[in-house]
Amino acid sequence: MTRECAPPASGSGSPLSGSVLAEAAVVFIVVLSIHAAVWDRYSWCAVALAVQAFYVQYKWDRLLQQGSAVFQFRMSANSGLLPASVVMPLLGLVMKERCQAAGNPYFERFGIVVAATGMAVALFSSVLALGITRPVPTNTCVISGLAGGIIIYIMKHSLSVGEVIEVLEVLLIFVYLNMILLYLLPRCFTPGEALLVLGGISFMLNQLIKRSLTVVESQGDPLDFFLLVVVVGMVLMGIFFSTLFVFMDSGTWASSIFFHLMTCVLGLGVVLPWLHRLIRRNPLLWLFQFLFQTETRVYLLAYWSLLATLACLVVLYQNAKRSSSESKKHQAPTIARKYFHFIVVATYIPGIIFDRPLLYVAATVCLAVFIFLEYVRYFRIKPLGHTLRGLLSLFLDERDSGPLILTHIYLLLGMSLPIWLVPRPCTQKGSLGGARALVPYAGVLAVGVGDTVASIFGSTMGEIRWPGTKKTFEGTMTSIFAQIISVALILIFDSGVDLNYSYAWILGSISTVSLLEAYTTQIDNLLLPLYLLILLMA
């Protein structure tokens with residue numbers, strides 16, 4: 001059977017259509033479940049957005065097949081517009097509900113802004129596809145126009161003037177980031193992945209600018225400021241060096257020395273002062289005191305250092321096997337790539353149980369290190385650039401078709417987003433009871449356990465394939481079973497988790513996300529934890 005991501009030869013009659021419809025059906029199950037749980041005017045907007053994204057997605061797919069999509073997108077998958085379009089709106093809705101239940105009006109309004117921003121950037125992506133499609137798809141334009149009109153009308157009467165301006169600011173940043181990053185990084189994203197990743201970065205950049213300008217009134221958590229400054233700083237550093245190395249060869253020693261010097265200048269002269277302005281203390285001293293504040297944190301850091309060393313040894317061992325084999329094109333098998341999933345699970349579970357703030361900061365630092373090393377590899381910065389290219393090429397798969405290797409960064413993001421995204425003021429006083437108690441474990445369950453087990457058992461024992469994909473029924477079933485066993489183990493070892501008999505919702509959420517894993521061609525390391533997070537919070 002052909003894999004879902006194989007490019008079809010034609011439009012609606014292609015083998016791709018059945019699997020895309022199955023993926024869309026799973027997404028609509030999630031959207032309607034959240035709509036039934038929330039049931040307000042914002043959830044109706046999410047339903048309208050999903051309907052128009054379903055129709056526009058076919059236009060994006062046809063543009064990709066014809067090579068008429070303006071930018072060069074990843075071709076080993078469909079556009080993914082529908083599953084990506086609803087993530088931010090649904091996340092904002094469930095965030096609003098949780099913060100409303102916790103009696104926190106500030107974060108309740110923040111959730112509404114997140115939902116409105118997600119709808120705005122999704123509608124822009126739809127308008128972009130419709131604008132470049134020839135001939136103009138009249139029926140799809142009518143459907144998209146009606147949905148957009150409903151969303152704009154409801155949001156106009158729900159948002160304050162300041163909130164509308166904030167949404168428009170994020171949309172403007174998103175447009176410019178699309179033009180810059182999709183030009184600099186061809187074939188790294190599908191339209192849906194670009195919507196998800198660049199939409200998130202745009203929102204974070206706008207939040208950082210907003211909080212920097214109102215620092216006197218700002219009383220935010222230093223952990224949140226640390227995440228915002230690190231992520232935005234790394235993205236801006238990448239754009240700076242990408243522009244710079246257009247005019248000079250990045251592989252020379254002179255360029256490499258300049259790269260390291262400018263990294264120090266940007267870090268010490270821009271990032272640290274920016275963070276100092278926000279947290280009102282020395283960032284390095286604050287970070288040192290935070291990391292070594294308790295004995296438990298010292299033990300966790302030592303344990304994580306051992307796991308990081310083990311991961312490096314796995315990379316070196318697999319490359320040594322390639323060097324000793326006859327074929328230099330040897331690629332690491334699926335099971336070897338999943339070793340890193342096991343290591344990440346072993347990293348995150350103790351952090352979630354014993355010290356979530358430490359895990360929050362450690363994941364942020366690890367993300368900065370991963371991005372920095374990818375810059376070194378991509379620009380061939382001496383002395384490690386060529387070495388990293390050789391070591392990491394062993395673990396490439398069909399999703400790494402562009403100049404960047406992003407799968408390991410997506411794995412880190414998928415595990416960390418459930419820790420980063422839930423507003424801590426809305427998780428106090430038992431507001432995360434029932435299925436919501438598993439929200440921090442969404443990445444561990446969906447990616448660390450579910451995706452890993454599905455991949456291993458599906459590739460080794462699977463025989464019955466889901467229609468239109470290479471994924472197997474046996475892999476999906478063992479994935480669901482393994483996640484249920486993991487939930488039982490979490491109940492045993494984490495005394496803070498009390499499910500309050502919400503087992504049916506948990507089973508339904510896990511099963512739905514596992515079905516999405518079977519049919520989606522998007523980056524599952526990023527998409528699956530977000531969907532499980534949304535369902536568990538609802």
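Glycine too: its Cβ is placed from the backbone N, Cα and C atoms.
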Which is it, of 257-276, 517-536, that TrEMBL names as transmembrane segment?
257-276
As a test: from 225-248, 257-276, 441-461, 473-493, pick the stretch that has the greatest number of Cβ pairs under 8 Å with the transmembrane segment (338-354).
441-461
Taking the transmembrane segment (167-185) as the reference, which of 78-95, 257-276, 296-317, 360-380, 401-421 gives the largest number of Cβ pairs under 8 angstroms?
401-421
Under 8 Å, at least three CB pairs between the transmembrane segment (225-248) and the transmembrane segment (78-95) (pairs 6 or more apart)?
no
I need to check the long-range neighbours of the transmembrane segment (296-317): which residues 6 or more away from its ends have a CB within less than 8 Å of a CB in the stretch?
336, 339-340, 343, 346-347, 350-351, 354-355, 358, 362, 391-392, 394-395
Taking a Cβ cut-off under 8 Å, which residues six or more beyond the ends of the transmembrane segment (401-421) line up next to it in the same chain?
74-76, 91, 95, 185-189, 227, 340-341, 344, 348, 352, 356, 359-360, 363-364, 366-367, 370-371, 374, 377-378, 392, 395, 439-444, 446-448, 523, 525-526, 528-530, 533
Apart from its near flanks, which chain residues at least 6 from the ends of the transmembrane segment (16-34) lie with a Cβ under 8 angstroms of it?
4, 6-8, 43, 46-47, 50, 54, 57, 61, 78, 82-83, 86, 90, 93-94, 466-469, 508, 512, 515-516, 519-521, 531, 534-535, 538
